[in-house]
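Straight from Swiss-Prot, the features:
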type	residues	note
BINDING	Asp344, Asp346, Gly350	Ca(2+) binding site
COMPBIAS	435-445	compositional bias 'Basic and acidic residues'
DISULFID	Cys179-Cys208	disulfide bond
DISULFID	Cys352-Cys365	disulfide bond
DOMAIN	170-416	domain 'Fibrinogen C-terminal'
CARBOHYD	Asn78	N-linked glycosylation site
MOD_RES	Ser431	phosphoserine
REGION	424-445	region 'Disordered'
SIGNAL	1-25	signal peptide
Amino acid sequence: MNWSLQLRSFILCWALLLLSPTGLAQYTATRDNCCILDERFGSYCPTTCGISDFLNSYQTDVDTDLQTLENILQRAENRTTEAKELIKAIQVYYNPDQPPKPGMIEGATQKSKKMVEEILKYEALLLTHESSIRYLQDIYTSNKQKITNLKQKVAQLEAQCQEPCKDSVRIHDTTGKDCQDIANKGAKESGLYFIRPLKATQQFLVYCEIDGSGNGWTVLQKRLDGSVDFKKNWIQYKEGFGHLSPTGTTEFWLGNEKIHLISMQSTIPYALRIQLKDWSGRTSTADYAMFRVGPESDKYRLTYAYFIGGDAGDAFDGYDFGDDPSDKFFTSHNGMHFSTWDNDNDKFEGNCAEQDGSGWWMNKCHAGHLNGVYYQGGTYSKSSTPNGYDNGIIWATWKTRWYSMKETTMKIIPFNRLSIGDGQQHHMGGSKQVSVEHEVDVEYP
């Protein structure tokens, strides 16, 4: 008989003893001790039935407590059984009277070490995988955000495509034969305008630089950031390349044919201004009188009357680099034909335009070269060029031939407007005349 059954039997016997006549016989009922009303017995004195009712009211709680005790005893019995089974298992594998087998402890120790090593290895592997998972999660989150941004951009573009096409570049309505003509007609804002020189068959777009004094400069060339490659062929230099912008903040070459049509159209000669900026932000200019570019039949020959002035110096007149006594003569530009890599018209036995990677009025080869290779930072060297020649954006009378300009501008204006509100004082009497050996006088129909 288990303990739960013994306990239940004990409690039942005790209850029967209370209910038996023997137990009740010891109780002598008197009025003093019996007829005292007690809510536990109802409205009756504690007769046998009253006590029975009283005990019955507690029977449910007693049964519950008994069941709880039985459950506890059952769990204890189960644990005891499990402990006995475990002891039996230990006794099977361990006999205190039997000495351990040779190497048993060492083998168990080695197995334990190996297990520990395996556990550590898997822990390290898990850490590595966790790190990789976090990295991939970061990439996923980043890509998800990028995809969201791209979807938004696509939605914006789709919405934009639903609208009628609009020209986002502002082109002014005023037209004329050059930018000064446009300024004379009342234009006061720099920007893009259409002009039609006298002998042009159709109008074309130019950038006009108009100042507060009413001067209208027609811009022929701009270098700003190296965004445009100036290594172009003859046709590209003829027609022009790059980008014209309303703010004048893009690189371009207007085109030799357009420059020819503008510069040759008027009885009033044009002045050419060259503006330079180095990588320290310093600026300088060089002005030339009676600037003209001939027709294609004459290889777009450059001519001018004389150097007016400017702190950049007269590089168009050549420069003595000290390499040869004839340096100055063979690096002058007045009267030179235009050359490109595929149309060589220079005085050099080789091809200046090809070795310098540009198009320009080459002699043998140059002292001023504004269409050269754009070198970030300005300074470059012979070893950094493909052929060992100075091929940067140079102006030898202001900087060395191994210093490439940061920004350049070539622009023209009618000569009689040059000194009006310009801020630069050029005196004709002090102007430097071109020497006889460089002077060129060419008539074009």
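Even glycines carry a Cβ here, placed using N, Cα and C.
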Query = Once the chains shown are all counted, how many other Cβ atoms turn up within 10 Å of the Cβ of Asp346 (Ca(2+) binding site)?
reply = 22
Message = Between the Cα atoms of Cys208 (disulfide bond) and Asp344 (Ca(2+) binding site), what distance do you get, rounded to the nearest Å?
response = 32
Message = Using a 10 Å cut-off on Cβ-Cβ distances across all protein chains shown, tell me which of the disulfide-bonded residues (Cys179, Cys352, Cys365) has the largest neighbour count.
response = Cys179
Message = Let me spell it out: for each of the recorded positions (Asn78, Cys208, Asp344, Gly350), count the other Cβ atoms within 10 Å of that residue's Cβ, using every protein chain shown. Which one has the most?
response = Cys208
Ask   = Asp344 (Ca(2+) binding site): which of the recorded positions Asn78, Cys179, Cys352, Cys365 have a C-alpha within 10 angstroms of it?
value = Cys352
Inquiry  = Considering Cα atoms only, can you say which of Asn78, Cys179, Asp346, Gly350 is the nearest neighbour of Cys365 (disulfide bond) among these recorded positions?
reply    = Asp346
Request  = Starting from the Ca(2+) site formed by Asp344, Asp346, Gly350, give every other residue of that chain whose CB sits within 8 Å of the mean position of their CB atoms, in sequence order.
outcome  = Ser339, Asn345, Lys347, Phe348, Glu349, Asn351, Cys352, Ala353, Glu354, Met362, Cys365
Message = Between Asn78 (N-linked glycosylation site) and Gly350 (Ca(2+) binding site), how many Å separate their Cα atoms?
response = 108
Ask   = Given the model, what does the mean pLDDT over the domain 'Fibrinogen C-terminal' (170-416) come out as?
value = 96
